[in-house]
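Peer 1: Just dropping this structure here.
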Amino acid sequence: EPPCQAEACALQTCLSKNTYSPEKCAEKMRNLYKCCQALYDVTKDGGESSACPIPSVVRRWLNAHPGPE
């Protein structure tokens, strides 16, 4: 199973249930992108997963959507 696949599936399930309210899935999106960022951190941006966008997209999204941490 590719890295972050579980997070990607959880996001897809949420989006399917909330077709007209994707904002309800922001936490699932954050979980996926945090997982992808952890993969890229460990692999110095060399990791690959069909569940993750390219590293620059992940970083841009996380910077644009700071979490409640």
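Each residue, glycine too, has its Cβ placed from N, Cα and C.
All annotation found in TrEMBL is predicted automatically rather than curated by experts.
Quick paste from TrEMBL:
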- Cys4-Cys35: disulfide bond (DISULFID)
- Cys14-Cys25: disulfide bond (DISULFID)
- Cys36-Cys52: disulfide bond (DISULFID)
Peer 1: By CA distance, which of the disulfide-bonded residues (Cys4, Cys14, Cys25) lies nearest to Cys36 (disulfide bond)?
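Peer 2: That would be Cys4, the closest of Cys4, Cys14, Cys25 to Cys36 (disulfide bond).
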Peer 1: Cys4, Cys25, Cys36, Cys52: which of these disulfide-bonded residues has the sparsest Cβ neighbourhood within 10 Å?
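Peer 2: Across Cys4, Cys25, Cys36, Cys52, these disulfide-bonded residues, the one with fewest Cβ atoms within 10 Å is Cys25.
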Peer 1: Out of Cys14, Cys35, which of the disulfide-bonded residues is least crowded by other Cβ atoms within 10 Å?
Peer 2: Cys14
Peer 1: Out of the disulfide-bonded residues listed (Cys14, Cys25, Cys52), which are within 10 Å of Cys4 (disulfide bond), Cα to Cα?
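Peer 2: So the list is Cys52.
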Peer 1: Quick one: which of these disulfide-bonded residues, Cys14, Cys25, Cys35, have their CA within 10 A of Cys52 (disulfide bond)?
Peer 2: Cys35
